[in-house]
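Trainee: Let me give you the structure first, and then I'll get to my questions.
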Amino acid sequence: MPSTAFQWLSLVGIIWLQSITGTNTNFPAYSSQLKQLLSISQFQLNNLAFASDAGKLFGFLSGLAAVYLPLWLVLMIGSTLGLIGYGVQFLFITNHISSLSYWHVFFLTVLAGNSICWINTVCYVITIRNFPSDRQVAVGITTSYQGLSAKVYTTIVDVAGHKKRAITFLFLNSVLPLLVSLIATPVVREIEVLSPKQSRVGFDVIFAITIATGIYAVMSSLEFVSNKISPLGSLIGILLSLLMPLLLPLSMMIVGSWHKNTEKQRVYNFATEDEVNEVKEGEESEEIHDVGVREEIGAKLMLRRLDFWLYFLVYLFGATLGLVFLNNLGQIAESRGYSGTSSLVSLSSSFGFFGRLMPSIVDYFYRDKKCAISKPGSMMALMGPIAGAFFLLLNKTHLALYVSTAIIGVCTGAITSIAVSMTTELFGTKNFSVNHNVVVANIPVGSLLFGYLAAIVYHKGGNENGKCMGMECYRNTFIVWGSLCFFGTFLACVLHARTRNFYSHKL
């Protein structure tokens, strides 16, 4: 098989992995039921949401492992950790394990949350290495599928039709990542590509498939559309959309074999000159388009940089706040008297998919334009709508809930995608696997702080059973979250000003 076909096949394998690694994103779909099954309070439930994110505090371990171990082994370690973390919880809830304390469940959730870091690290490292001149675009495309995870899991659970949805979610969370990892391991590996030829056509095809997938995901998540599509029909549509990218490497294999068998002599006569030209064009393209890096530094030196802490806080008051909102979406919807939590989770997942994809589209199609803006500038532009969405939630209508969820989903997804490229640009690619895991350590910090704030306000308005109903349950929380997000927008402006010279030379 041509190396180019292997290159794109690795991207397809990473797309499959990313589409099932967001096991923590489906937590809101079954959190209320899990609360009942475990007979725990809102504070304890918030602890479990924090535990899932707390696994990222140990994400640097996966980064170190990626340096010293084969990447296929790192991938299998990650999926095995998820099997243990979610699998033991599944056995407990189904009464196959009788004695399991709340803190055992907490530790297992931390372990399951950490498993995501291992799989994501492999995906990021291989994507960056296999597409060095288009790494931002390739990473953006693959991470967009992570935003589809909650949609994938929710659709499968809808088909299963089990009354206790929490049980089905935990079973899928434990088994599905391992199964997909076993399937993807043979193709998800580093490929030495001598020439970037066919990358333009390849990305055009992948973009078309990805955008079509996103449109389908959004449309099938809308309540008035989803009511007309059977759960099985929706699942078939999602599976077909995940298989569609496979057509690209398969077509390259077929075309390559056909050329080799029928035009061998003609290729021999003319290939040398054409390949030399293509390599030169590719090198020129890389010199022009590769954003490059400002400096190559490790985690210790990065922690001494003011720009790192600005970046850390911008992420904390932007994407992390959005993630905390999505983690609490089940209780937020319930408190407002809205029963369609699964629909909301699918909506946030689908818009998060498009949000993660947007930076890649902008970078790929507008990188030659003078209107391109820096990564910190992009973050600044995205944080304003998140802040506005929090204040919109003060409106008690279901429409306000839908619109705010969509806005937070798309902007949070976009910031998450931008952050991967921004880490490489500001701090280098050599230590990326460790550096980025240090950056995303802000997620468990924010999950703890902002989640506890929400839990305290919720608990004050709760009844004897600990359940809170009404707008007062989250009103003050939304005001604080919105204000913090506006402050984060200011910090993003400062970071943009400090890095403006670097990006002005690179764009």
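Any Cβ shown, glycine's included, is placed from N, Cα and C.
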Trainee: Which range, 6-27, 138-159, does TrEMBL list as transmembrane segment?
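Mentor: Residues 6-27 are the ones TrEMBL records as transmembrane segment.
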Trainee: I'd like to know the mean pLDDT over the domain 'Nodulin-like' (7-249).
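Mentor: Summarising the domain 'Nodulin-like' (7-249) by its mean pLDDT gives 85.
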Trainee: Report yes or no: does the transmembrane segment (400-427) come within contact of the transmembrane segment (166-189), defined as 3 or more CB pairs under 8 Å with a sequence separation of 6 or more?
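Mentor: They do not touch: fewer than three Cβ pairs between the two stretches lie under 8 Å.
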Trainee: Residue list, the transmembrane segment (201-219) vs rest of chain: Cβ under 8 Å, 6 or more residues beyond ends.
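Mentor: Residues packing against the transmembrane segment (201-219) from afar: 4, 8, 11, 134, 137, 141, 144-145, 148, 151, 225, 237-238, 241-242, 244-245, 247-248, 346-347, 349-351, 353-354, 357, 360-361, 364.
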Trainee: So, does the transmembrane segment (231-256) come close enough to the transmembrane segment (72-93) to give 3+ Cβ pairs below 8 Å, pairs being at least 6 apart in sequence?
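Mentor: As far as Cβ distances go (cut-off 8 Å, pairs 6 or more apart), the transmembrane segment (72-93) and the transmembrane segment (231-256) do not touch.
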Trainee: Are there residues at least 6 beyond the ends of the transmembrane segment (231-256) whose Cβ is under 8 Å from a Cβ of it, and what are they?
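Mentor: Same-chain contacts beyond the flanks: 1-2, 4-6, 8-9, 11-12, 15-16, 19, 145, 148, 151-152, 155-156, 158-159, 161, 198, 202, 205-206, 209-210, 212-213, 216-217, 220.
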